[in-house]
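> The feature region 'Disordered' is assigned by TrEMBL to B:1-268. If you look up TrEMBL, you'll see B:22-38, B:93-104 marked as compositional bias 'Polar residues'. The compositional bias 'Basic and acidic residues' annotation in TrEMBL covers B:39-51, B:134-147, B:237-256. Sequence annotations record features per position, and here TrEMBL assigns transmembrane segment to B:331-353, B:365-383, B:403-424, B:496-515, B:535-556, B:568-590, B:610-630, B:661-687, B:707-733, B:754-774, B:780-799. Positions annotated as domain 'TMC' by TrEMBL: B:600-706.
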């Protein structure tokens, strides 16, 4: 990693380190990965840091081996993108993403973003439609793994029974976090490492 | 619960001496409107509450209105201060809790904040209520609000409502509008998220909503709640707006990505980061290392990275469950490195300075038996001297006896606390309020394993998830159907039979080991054959390998309805078997070998343990090869229906626990055993990794990895470590060490080394305090009696607190449900009002408004 140290200035590096949950090495690695995603003409340090110039389109980010197979990859990019059309990631967005998915991020932050990733229609609550879509992504699109409509209904009914504490038919963030707090595996599995 | 504490805690805060008043104030100030609104709701609890606040707190009202606390910006300063103090340890006294429980109005603090929120938030919450109370003050407020002027229709007024709405979101606008760069605020925000990040309270999320208006989560919640209300007003724009607002809590650089100057202040994360860093248990987290030390630290990380890489690959292919086995292995490895360093530096190095050259010959079989050449090395107890080591030129001396006993003792104490700490941590994280434990379909759905990156693994995981979901659903369906009596008796009979058979097998194994060991002892005194010493460890390892396989074949007969039960039953049986075998061996060592008048029995025991460990290692290699490799060959080539074997986490982890137990017993008899174990663990890590990568597939059942880890650490603590302590205590207090070798030769028992030392010290005036501590604290029965009583009292108190918390949780749960009902009710009201408002013309509405203004003036 010593060779890539020259790419980011020390101040910037320590700044990023302070602002994220990542270590220096991880930031450098992230930067390297990010530059590789950029088109060849803007593969330099200055360009890669200017958010206006270099945004990697979502399709390109999704080719990363860490995200390629993930069933929620498009949602992840969408949640972390700061572009108005939500279709591209700047380097800082990318760092954000890795920071949230890192080891050191607090369970609180992780569950917050998990909620947003699962909230497919971006309306701030998980309603039945969101849950349905979520289950569909979990079970995959193949014929033999899909749930029948009645199974789906029953499952959603169960999920709501368990997690919808105030019985309003949707799961909001705090209810979601409550469920997550009871599943200690969440923090270790909500993780993407470059 | 914690946040309730927090809330209570700030009553105690010295900065806020007049809180009881202001609390009443909060309650009373808001209660009028609140009670009105609540009367509509068919909700006895909150209604009672509201009444309560009326009758009790209303008299205070005029006074408090004049109180300076409320002169300015109502709640914000208070909230901030309250947040700042919440993590002071002083604000967590226990009596606080009991008080809060006993006082009839303990619900107030929460309610009041809720009230105040609804109060500040006329657009969203009071609005739907208003039509029923046209005379009420609130109604007037609402009518006078500028939003209303813009449009008479609720939906059309929304865009204008937006800034106001942000006010209602509590703090979010407070910083969004005014002091965005105010670092104070950021710090408060940070404080509050910090206890949450520890995950102390499971109710946190839900409760914070009620308690704290300035919590990130709650702002979101509130936003969504409001949105929810408003989305009926057909305004999706609004929803998105509020939602967009929210992420700025965590990532304000959404807005400031171009300006590096401000970024520092705008990242709340940076502050969270700084507070977390010292607490972070992760070693790979270097923190702000100074540039000077960069090279050494980074070198260290590069060596760690090898592991990190491997673990990542394993996680990517097999998920967290298999990963947990490997992290357990690395944890044990680190643990053994620690014990090796301790033993090596305090026992072995001084001994090496003294030792004579070893002139025994060495042959390769001795690597396995640990006898012969090794007998005269620092590996075993017998080689250590009982003399005091003196160096020329250095006046101080090094007493080997004391060094030996204190090093081992200290190591065991460190082990004890390490285990206790990790056990307590994982208990706290994983067994939080088990009484609300549910079937966990939600957990299955919400915890997708993001670490998996392999495409095939993802497909497999999806398939497994589908099966699991389907199984759970069918379980729920069949739950109500109780099986007929005959079938149940049948099941019970099978289980009983399986238990009898498994216990019988375990007892038979124990008996076999017992007779074999005693016979072996006799045989070895007659013949001097090295290979014969390997018989006992070989048999023990065979039992350890094949009996568990036999046990798991019971699974075909015993059909458990819940797979988790099967795992637990298998683990219980295996642990019973292994622990009883170790128990028999200990009995043999302490009762036969120790009194057999052999020279240096301690070394013999050490050799036995060494052989067991080595043999076990060989068997593990054999198992990886045959059990997994051949099984795969058979599964893929010959009998296709078997398929690729799954990685058996339970069996492998139990194996690790077993070897660790042996190691702990052996550490007294052979201080360098951790070094041997370190090497075997290191090799095992790589062998297992290769075998896993080549032969296995991920487990098909969802495996609650961290809950299992808790169980494993508990097992490592309870039968294993406590058993070891018993064995070593007997060795130290009861048994007579051998006469001609080892550091304790000639003493009636090992503990006499300490007695002698205290005798010597008591003649030296400078060390009388040590003697005093020994006599009055460590050696005194009274002291331990008092200590025990105190600990029992504390335990009882904590137990009572837990009981109290359970009641609180129940109450809060009910309250949340009631709030939900309120919400639904209010939403319905809102809908009705909107229906009603669509019909009348703007003219009549403005007329109505004027009427209200007139009534207000009067």
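Backbone N, Cα and C define each Cβ position, glycine as well.
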> Quick one: find which recorded stretch in B:365-383, B:568-590, B:610-630, B:661-687, B:707-733 has the most Cβ pairs under 8 Å with the transmembrane segment (B:331-353).
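Top-ranked stretch among B:365-383, B:568-590, B:610-630, B:661-687, B:707-733: B:661-687.
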> If you average pLDDT over the domain 'TMC' (B:600-706), what do you get?
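That stretch averages a pLDDT of 85.
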> Go through the chain and flag residues at least 6 beyond the ends of the transmembrane segment (B:535-556) whose CB is under 8 A from any CB in it; none is fine as an answer.
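Result: 498, 501-502, 505-506, 509, 512-513, 516-517, 520, 566, 570, 573-574, 577-578, 581, 585, 608, 611-612, 614-616, 618-619, 623, 648, 651, 654-655, 658.
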> For the transmembrane segment (B:707-733), could you work out the same-chain residues 6 or more beyond its ends whose Cβ comes under 8 Å from its Cβ atoms?
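Same-chain contacts beyond the flanks: 321, 324, 328, 405, 408, 412, 415-416, 419-420, 422-423, 426-427, 430-431, 567, 571, 575, 579, 582-583, 586, 590, 594, 649-650, 653-654, 657, 660-661, 664-665, 668, 749-751.
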> Apart from its near flanks, which chain residues at least 6 from the ends of the transmembrane segment (B:568-590) lie with a Cβ under 8 angstroms of it?
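Residues 502-503, 505-507, 509-510, 513-514, 517-518, 521, 540, 543-544, 547-548, 551-552, 555, 558, 560, 605, 608, 612, 650-651, 654, 657-658, 661-662, 665, 711, 715, 719-720, 723, 727, 730-731, 735.
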> Could you tell me how many residues in the domain 'TMC' (B:600-706) are helical, how many are strand and how many are coil under DSSP?
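Counts, helix then strand then coil: 81 helix, 2 strand, 24 coil.
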